[in-house]
Amino acid sequence: MERTFVMIKPDGVQRNLIGKIISRFEDKGYRIVAMKLMQVTRDLAERHYEEHRGKPFFESLIDYITSGPVVVMVLEGKDVVAGVRKMNGATNPAEAAPGTIRGDYALDIGRNVIHGADSVESAQREISIYFKEEELLNYEKVTEKWIYEYE
Ligand code: GDP
Ligand code: MG
């Protein structure tokens, strides 16, 4: 089963969106296999976003991500990487469709509430940055036979 890495960014935590955002992913049918509230250090943020090092927004992005607690989680499900990216919406909330998290809850690209890994490879890399192997739980939910035709 595919896994992705998701972060509710500091603005999402400050704006009381943790529960609403997690509910969207639960309602869709994804399984939470790891989750924690944490303060991201600059070192961790720079590793997470190393692909953006040198871009004009890099320093402000690191300031943003380290500005307060975040919620990080690992979600599992069929095509979850692409599915979460669709649910998050376009990077710039001005272009994010209504019904997406960024479309519904954000206005500014530098305060866009949520992160989701952009590929299976990125997800694996980001999961290993934020979680230890033993923090990823293996369990089944009784609802899964009502979510998947084939188990
Ligand atoms: P994502 O994968 O949709 O989150 O987008 P990117 O990987 O392109 O960028 C990572 C994060 O950097 C975005 O979610 C924004 O928080 C931030 N970011 C990207 N582009 C800009 C920009 O042009 N200006 C500012 N201030 N932040 C940006
Ligand atoms: Mg990205």
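Each Cβ is built from the backbone N, Cα and C atoms, and glycine gets one as well.
Pulled from TrEMBL, these are the features on record:
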DOMAIN    1-138  domain 'Nucleoside diphosphate kinase-like'
BINDING   K9, F57, R85, T91, R102, N112  ATP binding site
ACT_SITE  H115  active site, pros-phosphohistidine intermediate
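A map of TrEMBL features onto the structure.
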residue : record           : DSSP (3 states)
K9      : ATP binding site : coil
F57     : ATP binding site : coil
R85     : ATP binding site : helix
T91     : ATP binding site : coil
R102    : ATP binding site : helix
N112    : ATP binding site : coil
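For the binding-site residues T91, N112, the largest tally of other C-beta atoms within 10 A is found at N112. For R102 (ATP binding site), the Cβ neighbour count at a 10 Å cut-off comes to 23, with all displayed protein chains included. Listed binding-site residues near the residue listed as 'active site, pros-phosphohistidine intermediate': R85, T91 (candidates F57, R85, T91; Cα-Cα distance within 10 Å). Within the set of binding-site residues R85, T91, R102, T91 have a CB atom less than 6 Å from some atom of ligand 1.
Residue counts for the domain 'Nucleoside diphosphate kinase-like' (1-138) under DSSP, split into helix (H, G, I), strand (E, B) and coil, are 62 helix, 28 strand, 48 coil. Shown in sequence order, Y64, I65, V70, R111, N112, V113, I114, H115 are the residues of the chain, 6+ apart in sequence, with a C-beta less than 8 angstroms from the C-beta of K9 (ATP binding site). Between the recorded positions R85, H115, the minimum number of other C-beta atoms within 10 Å of a residue's C-beta occurs at R85. Sequence-distant contacts (6 or more apart, same chain, Cβ under 8 Å) of F57 (ATP binding site) comprise G110. Among K9, F57, R85, T91, R102, N112, the residues given in the record as binding ATP, the maximal Cα to Cα distance rounds to 21 Å. Per-residue confidence over the domain 'Nucleoside diphosphate kinase-like' (1-138) averages out at a pLDDT of 98.
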